[in-house]
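J.: My questions will all concern the structure given below.
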Amino acid sequence: MVTHSKFPAAGMSRPLDTSLRLKTFSSKSEYQLVVNAVRKLQESGFYWSTVTGGEANLLLSAEPAGTFLIRDSSDQRHFFTLSVKTQSGTKNLRIQCEGGSFSLQSDPRSTQPVPRFDCVLKLVHHYMPAAGAPSFSQPPAEPSSSPSSEVPEQPPAQPLSGNPPRRAYYIYSGGEKIPLVLSRPLSSNVATLQHLCRKTVNGHLDSYEKVTQLPGPIREFLDQYDAPL
């Protein structure tokens, strides 16, 4: 197997710290999965690439709870980390890449299934409140029955009238049980008007059939970034 370095985000002038950002790909398909993930993350506007956990803590320190960003993991076993501001400060959740999908890091003691996705953006979208996170226009990946993570699923809360039930997720850290809330990404750059329009369109395409009715060039443009966030 070949060890590949991480991918620096566009516009990042700081050199890559190869002592911390190397990981072995298990297969060509995993390599392609990560390459596609990096491409979409770079377009998302909230991928902070090589910032460290300490730097992420500083970036999020003045932000309200629920603000989050994606960065490269300092753990050589993982590619990405989700850093989120919680009621108890900034928490860092590793994103696992296994079996052709991404998930939050597993807790071996849990028996709950872990939501798994073929895209990091879909993973993030899954943990965002339904009211503030429009649906993806593409069919979701099949979930896996793997053990749950540091953010285990809980029984669904009683839904409000007209709203579907939604599971609650928690972070277990230092003996604390902290609600996981992803409400707003922390932007690393100014988005182009073209990208903002694409996100808006994605958020209003609530069915795959609507996508297939669009002209080919527009479908291709939307496919390059199929997230509403």
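Here the Cβ of each residue, glycine as well, is placed from N, Cα and C on the backbone.
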J.: If you look at how Swiss-Prot annotates this chain, which of 22-33, 82-93, 202-213 comes out as region 'Kinase inhibitory region (KIR)'?
T.: 22-33
J.: Kindly point out the range from 34-45, 46-57, 190-201 that Swiss-Prot annotates with region 'Extended SH2 subdomain (ESS)'.
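T.: Feature region 'Extended SH2 subdomain (ESS)' in Swiss-Prot: residues 34-45.
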